[in-house]
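> The domain 'Acyltransferase 3' annotation in TrEMBL covers 18-367. The feature domain 'SGNH' is assigned by TrEMBL to 432-653. Per TrEMBL, the feature transmembrane segment maps to 21-37, 43-64, 85-104, 156-171, 178-198, 253-277, 283-306, 349-368, 388-406.
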Amino acid sequence: MSTPAAPPERRKIAYRPAVDGVRGIGVTVVLLYHAGVSWLQGAFLNIDMFFVTSGFLITAVLLAEHRRYGTISLLGFWANRARRLLPALLGMVALVALYAWLWADPTTLRKLRIDMLSTLTFWSNWRFATEEQSYFAVGDQVSPLLHTWSLSIEEQFYLVWPVLLLLWLRWRKGSTRWLPTVLMVLAVASAVYMAAIYEPFSDPSSVYYNSFARAQALLIGCTLGVLVVRAAERGPKQQQGPRRVVALGPVDLTARSGIWVLGVLGFLALLGLPLLVTETSQWVFRGGFFVASLAAFAMGWHVVALPDSALTRALSWRPFVATGRRTYGLYVWHWPLFLILDSERTGLSGVPLMVLRMASVFALAFAYDTYVERPIRRGALSRLRPGAAPLITGTAFGTACLLTLTSTANAQPPVFGTGLPGSISTVTGPMRPGQDKVLVLGDSVAFTLWKYFPQQDYPDLSVGSSTQLGCGIATPQELQIGGSRTTPSPQCDGWESRWSALVDQVSPDRSVVLSGSAELFDRWVDGRLVRVGTPEWTALMERTFGRAVDIAGRRGANPVSLVNIPCYGRTVASGDAAMPGVSPEQAEGAAREQNDPARQQALNTALQRVAATRPWVTMLDMRGFLCPQGSYVDRAYGVQLRTDGVHLTPDAVGLWWQRFAPTLVGRTDRTGE
């Protein structure tokens with residue numbers, strides 16, 4: 001295998017602005033999704049577009065080099081990738097280390113150290129899969145490096161694919177005749193593998209992170225790269241049109257009308273899928289990712305073969321192209337920056353918070369590209385003294401590792417949700433024949449009942465959840481928290497459709513509805529302040545929770561347990577934010593309002609009325625369980641129940657299930673025998 005130490009200069013592949021335009025649109029959709037645009041819940045599919053374009057471009061570059069020089073410089077390729085990828089990655093890891101030093105608690109810090117090391121060594125996707133870090137149901141402890149799962153998959157591809165391609169070319173004496181067929185067979189195998197390991201009604205994150213399951217998009221991109229280079233060798237090297245451009249392939253790659261139609265359909269699919277699917281859409285993991293990759297393939301074929309089409313010209317719009325040329329930097333920086341710029345630290349929520357996040361990441365990525373990444377790509381390090389470039393690179397890498405190992409914690413994370421769309425959790429455990437199926441629906445307390453469910457004690461019980469961390473279900477436009485008007489995060493909308501879809505899919509034997517801490521605040525309705533305990537507030541709660549149990553029970557098709565709210569012992573020290581968007585100044589008033597027994601009793605009375613009017617609804621006495629003496633206590637039954645005054649500890653969750661599981665499934669023992 002040849003790996004020349006001094007790589008030859010690579011042949012320049014014809015530049016297509018529209019390819020960058022496609023990437024610019026794709027990364028913007030992903031950023032908007034993570035910035036808080038809740039109606040883009042299917043934006044996770046857009047990552048496949050990046051995989052396809054990476055496979056296409058890398059394959060085209062490698063084949064062009066082999067055509068010209070008869071070999072591929074592996075060391076040269078890897079050095080080029082390092083110059084492209086490491087500057088932003090090392091800078092981002094340094095930012096995360098600073099984040100950890102300022103805000104991470106000790107438990108999070110221990111996990112974050114391994115996250116950083118796995119990121120720097122390109123296996124973070126497997127790290128998050130084995131640690132069961134959900135991509136779709138993340139809360140306060142979300143890793144600021146969660147987004148690097150896709151970077152790790154791409155970097156694994158960069159390590160393996162050039163070697164395999166060189167071996168193929170040596171075996172086939174430079175011929176790529178059967179290579180597209182082999183690649184597509186492998187892509188289909190990857191899609192079949194994804195479908196095989198996917199478990200319906202379970203958190204699909206481990207499938208989403210899996211390198212072998214996600215290889216389908218990269219392989220389809222490689223197929224496009226091979227086909228385009230082969231077509232270029234058979235056809236003219238230039239196309240004439242309103243804008244003279246150098247083409248990778250001729251117009252007659254296939255029928256022009258077919259290319260046009262498929263490209264437009266692919267573009268519309270990549271725009272529409274983020275609006276139409278969620279992580280609970282089973283077909284997405286049973287061929288949906290393959291379809292999305294084929295859509296990206298069709299669009300790539302279009303912009304290469306039809307450089308003067310209306311779609312290609314539209315995708316070549318300079319703002320799209322400028323964004324696309326910085327796709328990597330935007331993606332690398334956005335996730336930790338969005339976590340830092342949360343509601344608690346900025347005092348913003350909704351659209352203002354989204355605008356701040358987007359403006360900040362664009363400013364940072366463009367500046368870093370101009371002053372750091374681009375000079376390095378143009379050889380700034382190579383113009384230094386001999387030996388200086390490896391020294392600087394090694395020092396930067398070592399510094400990032402040192403920051404990883406020495407960062408310390410001096411602050412606690414926010415108690416409630418992050419304000420990111422990932423704070424919406426829709427997950428279930430694997431549903432097997434013969435198991436009783438229970439869905440827990442509600443807020444962050446409901447989430448803990450699913451998260452810490454002791455599955456080993458209940459082998460015949462499957463528990464799922466659809467929850468909204470940091471949200472109640474009776475969420476109007478504005479709340480009155482601690483004397484100030486507060487707008488809840490956009491993530492708090494849409495619970496009805498999520499619950500309804502999941503209940504229809506799972507057909508649970510029983511649903512549990514648990515929400516309440518966010519309902520204890522006064523609220524603004526039609527410009528008027530409606531106070532807790534008033535007839536208007538009571539009617540609003542009865543309507544809202546009535547709708548909740550109707551959805552959860554499909555209007556009597558399955559039983560529902562409605563959980564009353566317990567006493568609370570929130571303090572300012574235990575968490576400043578009662579909901580996303582609450583400023584620290586409101587913390588004392590928010591704690592006082594949530595801890596008020598009169599407010600709690602008013603809500604519980606409304607809940608009892610809801611249950612009394614629906615025969616399929618029964619009440620579960622959470623208050624009696626957590627407040628055995630009638631008032632708040634941290635400890636009871638020999639265990640710590642709550643540490644922040646609101647959320648249950650894992651030990652408390654175990655006791656909760658021990659107490660209430662027999663009621664939920666009609667059994668009196670913990671094994672179901």
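Using the three backbone atoms N, Cα and C, a Cβ is placed for every residue, glycine included.
Provide an account of the burial state, proximal residues and distances for the features listed.
Per-residue pLDDT, averaged over the domain 'Acyltransferase 3' (18-367), rounds to 88.
Remote same-chain partners of the transmembrane segment (156-171), defined as residues 6 or more beyond its termini with a Cβ less than 8 Å from a stretch Cβ, comprise 1-2, 54-55, 58-59, 62-63, 66, 71-72, 74, 77-78, 81, 122-123, 179, 211, 215, 218, 222.
Counting residues 6+ beyond its ends, the transmembrane segment (253-277) has Cβ neighbours under 8 Å at 25-26, 29, 33, 39-43, 45-46, 49, 227-228, 231, 284, 288, 291-292, 294-299, 301-306, 309, 311 in the same chain.
Below 8 angstroms of C-beta separation, residues 16, 18-19, 22, 42, 45, 48-49, 51-53, 56, 187-188, 191, 194-195, 198, 204, 207, 214, 216-217, 220-221, 223-224, 227-228, 247-251, 253-254, 256, 259-260, 262-267, 269-270, 273, 277, 312, 315 of the same chain, each at least six residues beyond the ends of the transmembrane segment (283-306), sit close to that stretch.
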